[in-house]
Amino acid sequence: FCPLINKVQVSGISTVTQFVLLGFPGPWKIQIILFSMVLLVYILTLTGNMAIICAVRWDHRLHTPMYVLLANFSFLEIWYVTCTVPNMLVNFLSKTKTISFSGCFTQFYFFFSLGTTECFFLCVMAYDRYLAICRPLHYPSIMTGKLCVILVCLCWLIGFLGHAITIFFISQLPFCGPNIIDHFLCDVDPLMALSCAPTPIIEYVFHFVSSLIIILTILYIIGSYALVLRAVLQVPSSAGRQKAFSTCGSHLAVVSLFYGTIMVMYVSPTSGNSVAMYKIITLIYSVVTPVLNPLIYSLRNREMKFALRQVICGIRIIQPS
C-alpha cells in the first residue's frame with residue numbers, strides 16, 4: 001500500500017495529524033497468521049493474569065504482602081499489553097495501518113510509564129522477599145499492610161511521572177512528514193527520527209532517564225537477591241532451602257526475561273541492530289513476557305497453584321468471619 005501523509009497547515013507549516021505503523025509487513029496470509037498468534041497470546045495474558053488477581057482476591061490465605069504485590073503486578077501486566085496489542089491487532093487487518101497523532105503519543109506515554117512502573121514493582125517484590133527470608137522475625141512488623149499499600153502507590157506514582165516531562169516535550173516537536181514508523185508501536189527513536197526539527201538534548205535526556213531507572217533498579221534487585229542467596233545457603237534444612245529457592249526462582253525468571261530485553265533496547269547501543277531485530281526484541285518484553293509471568297508464578301508456587309485450581313473449578317474460598 002502507499003500510505004498518505006495527512007497534514008494540516010499551521011502558520012504555513014504542514015503538521016502531521018496521524019502516523020503509519022508498518023508493523024510486520026508481509027502478504028495477507030502472513031498478516032492473518034500473525035493476527036491469530038498475537039490474539040491468542042493476548043487472550044492467554046488476560047486470562048492468566050486475571051486468574052491470579054481472582055485467586056488472591058478470593059483466597060484469604062493469599063492476603064499477604066507477597067501475593068498482594070503479585071496481584072497488583074498482574075493488574076499492571078494486563079494494562080501493559082492492552083496499551084499496545086489491540087492497536088497491533090487492528091493494524092494486522094488494516095490496509096492503512098494509521099494511528100492518530102494524539103493516539104500515538106498516548107500509547108507512547110502509557111507504554112513507557114507502565115514499563116517504568118514494572119521496574120519499580122520488581123524492586124518492591126525483591127524487597128519483600130529479602131525481608132521474608134533474611135529478616136523473618138521482623139517481617140510481619142516491617143511489611144505491614146499499610147507499608148505495602150504505600151509501596152504500591154509509590155510504584156504507580158513514580159512510574160507515571162518518570163517520563164511525563166520528556167514525552168510532553170517530544171510531543172511538542174514539529175512533525176512535518178514523512179509519517180511512516182517502521183515499528184508496531186510508537187517508540188522514542190522512530191518518533192524522534194520523524195521530527196523535522198530534531199532536538200538531541202530531549203532524546204538524550206529521555207534515554208538517560210530510562211537507562212538510570214533500569215540500571216538502578218536492576219542493581220537493587222541483584223543486591224537484594226545476593227543477600228537472599230546468602231541467607232538461603234545458611235538454612236540448615238534442605239526443605240527450607242528448596243522452598244526459598246522456589247519462591248525466589250520465579251521472581252528471578254521474570255526479572256531476567258524483562259530486564260534482559262529492555263537493557264538491550266534502552267541501555268546498550270542499538271545502532272548495529274536491524275529493524276527486524278528491534279521489533280522482535282520489543283515484542284518479547286512487551287507481549288511475550290506478560291504471558292509467561294502467570295505461568296512462572298503459578299508453576300513455581302504451591303499455594304498459588306491450589307488457589308488457581310479453586311478459581312478454575314469455580315469454588316470461591318470464603319474468608320471465615
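The backbone N, Cα and C atoms fix where each Cβ goes, glycine too.
Annotated transmembrane segment per TrEMBL: 32-55, 67-88, 108-127, 147-170, 204-228, 249-268, 280-299, in sequence order. Summarising the annotation, TrEMBL assigns domain 'G-protein coupled receptors family 1 profile' to 48-297.
The transmembrane segment (32-55) is in contact with the transmembrane segment (280-299), judged by 3+ CB-CB distances under 8 Å for residue pairs 6 or more apart in sequence. The stretch with the most CB contacts under 8 Å to the transmembrane segment (280-299), chosen from 67-88, 108-127, 147-170, 204-228, is 67-88.
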